[in-house]
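Chemist: Submitted below is the structure of interest, expressed as structure tokens.
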Number of protein chains: 2
Amino acid sequence: MFCAVTLRTAALSKSFRSAFLAQSTTAHIRSCSARVPRRTRALERTCAMSTGRRVCKVPKGTRDFLPEQMAIRQRVFALVTSVFERHGAVTIETPVFELKETLLGQYGEESKLIYDIADQGGELLSLRYDLTVPFARFLATHGIVSLKRYQLGRVYRRDQPAIARGRFREFYQCDFDIAGQHPPMVPDAEVLRVLIEVLDEFAALSPYHRQRLGSYQVKLSHRGLLDAILQLCGVPKELLRPICSSIDKLDKEPWDVVRKEMIDVKGLTAPCADRIGQFVTRAGKPRELLRELQADHSLCCGKFGAEEALADLERLFSYLEAMGNVLERCTLNLALARGLDYYTGLIFEAVLTDGSTPLGSIGAGGRYDRLVEDFAGKPVPCVGTSIGIERIFSLMEEAERELAQATGRVIRASKTQVLVVGIGKVDLVQRLKLCDELWRAHLAAECLYAERPKMARQLQYALERGIPVLAILGEDELAAGVVGLKRLSTQEQIQMQRGPPLVQAIRDWLASESNQEAGQESVDRDGNCRPEPVASVRDPTATTPGAN
Amino acid sequence: MFCAVTLRTAALSKSFRSAFLAQSTTAHIRSCSARVPRRTRALERTCAMSTGRRVCKVPKGTRDFLPEQMAIRQRVFALVTSVFERHGAVTIETPVFELKETLLGQYGEESKLIYDIADQGGELLSLRYDLTVPFARFLATHGIVSLKRYQLGRVYRRDQPAIARGRFREFYQCDFDIAGQHPPMVPDAEVLRVLIEVLDEFAALSPYHRQRLGSYQVKLSHRGLLDAILQLCGVPKELLRPICSSIDKLDKEPWDVVRKEMIDVKGLTAPCADRIGQFVTRAGKPRELLRELQADHSLCCGKFGAEEALADLERLFSYLEAMGNVLERCTLNLALARGLDYYTGLIFEAVLTDGSTPLGSIGAGGRYDRLVEDFAGKPVPCVGTSIGIERIFSLMEEAERELAQATGRVIRASKTQVLVVGIGKVDLVQRLKLCDELWRAHLAAECLYAERPKMARQLQYALERGIPVLAILGEDELAAGVVGLKRLSTQEQIQMQRGPPLVQAIRDWLASESNQEAGQESVDRDGNCRPEPVASVRDPTATTPGAN
């Protein structure tokens, strides 16, 4: 149905052409990509001046998100969701607050950070602190014993905010969990694969993304192994958890400091602490360290349960190798302990690294087999991961802004595809009629609301927002039943008959625009936006080592 | 790259074939679509039994959403969002709680329904009651004077819940608002067009959807007109708002009851009330009633401002006619008053009707030109609509379940495209390797976690979830480097070489599956799921009356 019509510029008014030439696209883009910080400064000024009026600030530790930021956040959420769904996960939703008693005693010392709802009569309520306890409550409430679910939602912590370090009182968690009785370590392996797949997809978006998100490491350990080691070292049973929480500090403190805490605060003997030190400073390639530990007869003496934990890890490694050798991204790290008490098996943490230096966690999780039992009375074993989505969002925002600057593109907040532009005496009603035709064809179209806006203003509107196509109506076009089309990226200009030819021509241009943006994202068969294959590792046809 | 291979069933084990024949697809589907209510009953049993354990219920007036419900909700949100974005709207996000003083005094009597956060030191906070006041605060905070934005978010009202009537304490609002100084009534017209477009798209999804959502009416009025009428009838200025709130009851009470309240409670004289009665019982085709009112010299005498309001409406009607004649969906209704005080111009409400009987509101809004000024100090005129999304969701849920039953399809909660099925001695690791190949090709794939699950179980898993394609691995296939593919909707069966031919064959099947589902939804050029054109009115090429 594509109907080629010769290029005709005569119908475009003089003012349009001169306005177009006068505009510097790049300058516009620059000013747009700098808009967010400028608005933030405007906020400070506005608020400072607003004495005598209502205060107009957000609560401490919370944020508004501006349109440009939301466009990036939605892209982050869409990518994470597409990976979760690729693994067959379904989603659920739970209320933003739970009964106070649902959360009570679930978070140890951190319970003091829970927001309570004021007692205005009726039930005592608290804002959710994470998505894991509500998930356990959800399974129990509905009597569900098997579920692979993901959930994106905001959680609340009355913590001291540290905006620069990305610590907020309201933030998103993105969780993927597998609940149910399954053969050992299979769901655990898929959870790890999902975490790694998410991180790899972000890194594959562009070189700017790769630079920020491409270098990471997944540290693995096992609570059963840690307990066995501690018992072998002579830690009494009642000190297992306290010593675990000391070990958990090893990612921030050197061994000497942790050792001192074990002896001075937790009451271990120095030889006992030193025996622990010989283990927990060990980290390395999973298969190698596993073999060493399996060969350690004092550890694997049948007394501490180390054999089961090591057998678990061996199974896990086989599955990880089968799933495209994601084991290569992992290290076995005996210093990993994880703060939360509820973990019962595998524990892991994904850490961004700058080559060698760790730069902070961007994902973590583990197996928690007894949390649901607390509500349901019967055990529903679970394993899951939480993606460090706010951290990823900050890095994505940086990368997207750099990418936009490098490519001279605008970070688009709106999805408008066509700006309907009037020239000469064409009035608003005529432009609205054309918009209506485009909306009916499911094209995203806008026009300026003024009766007869200046050409320069219309063009500026399109450039600032990165709207790719102008549909231009002059008196001649109206009389002839045609529309002038201009594609801003290539400066191509054609004229099309209104109706199907017009719609088809716009669709063709839009399709070729999105092909040109390839490497950024593409549309999958099932309609989800998916990052485009970038490297050969993403080639569906490439057989990776050990894949077949 | 589609490589046709002859049908080969020999590799499929006997158990598979017999299992397949034994299964009744329809029975499975029935049992699946009935799953939600069954789970709800299970909940009651579980909770009743759970004495001595943690209670496992949601707070009063709130809900969990199960995977099948979430699939429908996401479809509702995607459709609404796609219409909003088609009109160039961007989205923002604001915190779920605001400073208490931001909400204070904004909602009149309803303020008692606001949830406060407990005072745990620091700022006093409240959960948001709607998205409109936070939007006004947002504009002021960031010094934004012009924005077309949509926002989907949960709001909180400590109301007496009425689950059967769809009144909850936590529920979603979907708002579309246009802020900024614009020529009169143009944004107002677009807001109305957006509301109507959303409702029409839902109705167009299937005959089941049309039956529930296709019959509605948008009632229009204008605060300025109402004020003029009341003044003409002799209502003193200080009684304008109280009398307005009496008129607002006309959709529930007959005129006699409202008249009595005006006289007995609000203190109007009987002749004054009767004069009002002659106006507010008037409703009809917008152009006709407008002409009558314009011809009313006592009303349009230059004293009450009726002329400006009527001129506004006349402009609005022209724009609505230009935008595909959405005016046909509207009535001018002088009984419409809208409860909230902050409206200053156009007001409207979309009401589902059963032919003639009104069945309740599914969308409403209006112009509020002074709300932002309260925060910003300078006026930012706004007009917007809120979609009654929870109501639409209930009706969608009914329609989707009926549609699923009629077409013998499952309501799919997961997006899995391929189930990797093992037969004979093929183990889990082999199936995981094939899953990995499919994941890398961005296909959504799963396999059962058991080492060698029974064929019947694997098949049942696929049927219950509506997974369209089986990728079958037997020992013969493994040895030959091929995979058996089975398409469950058509029972087609082929064998493909692993790698690109396999991936391409699956993609071709999936594409033709989604073509077969046309009339339900399709994927647009820009990757959004959009409802498929159903009737000729949606044909992009069809020129509607007055469209050109």
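Backbone N, Cα and C atoms are what each Cβ position is placed from, and that goes for glycine too.
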Chemist: Using only what TrEMBL says about L-histidine binding by B:ASP130, B:LEU131, B:THR132, B:GLN173, B:ASP177, B:ARG338, B:TYR342, B:TYR343, identify which of B:ARG157, B:ARG158, B:ARG193, B:ARG315 is listed for that site too.
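Modeler: Looking at B:ARG157, B:ARG158, B:ARG193, B:ARG315, the one TrEMBL places in the L-histidine site next to B:ASP130, B:LEU131, B:THR132, B:GLN173, B:ASP177, B:ARG338, B:TYR342, B:TYR343 is B:ARG157.
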Chemist: Coiled coil per TrEMBL sits at which of B:249-276, B:277-304, B:361-388, B:389-416?
Modeler: B:389-416
Chemist: Check the binding-site residues B:ASP130, B:THR132, B:GLN173, B:ARG338 for other C-beta atoms within 10 angstroms of each C-beta and report the one with the most.
Modeler: B:THR132
Chemist: Determine, from DSSP, whether B:THR132 (L-histidine binding site) sits in helix, strand or coil.
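Modeler: In three-state terms, B:THR132 (L-histidine binding site) counts as helix.
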Chemist: Including all protein chains displayed, how many Cβ atoms other than that of B:TYR343 (L-histidine binding site) lie within 10 Å of its Cβ?
Modeler: 24
Chemist: With L-histidine as the bound species and B:ASP130, B:LEU131, B:THR132, B:ARG157, B:GLN173, B:ASP177, B:ARG338, B:TYR342, B:TYR343 as its recorded binding residues, calculate the greatest Cα-Cα distance and give it in Å as a whole number.
Modeler: 22
Chemist: Using DSSP with the three-state reduction, classify B:GLN173 (L-histidine binding site) as helix, strand or coil.
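Modeler: Reduced to three states, the DSSP call for B:GLN173 (L-histidine binding site) is strand.
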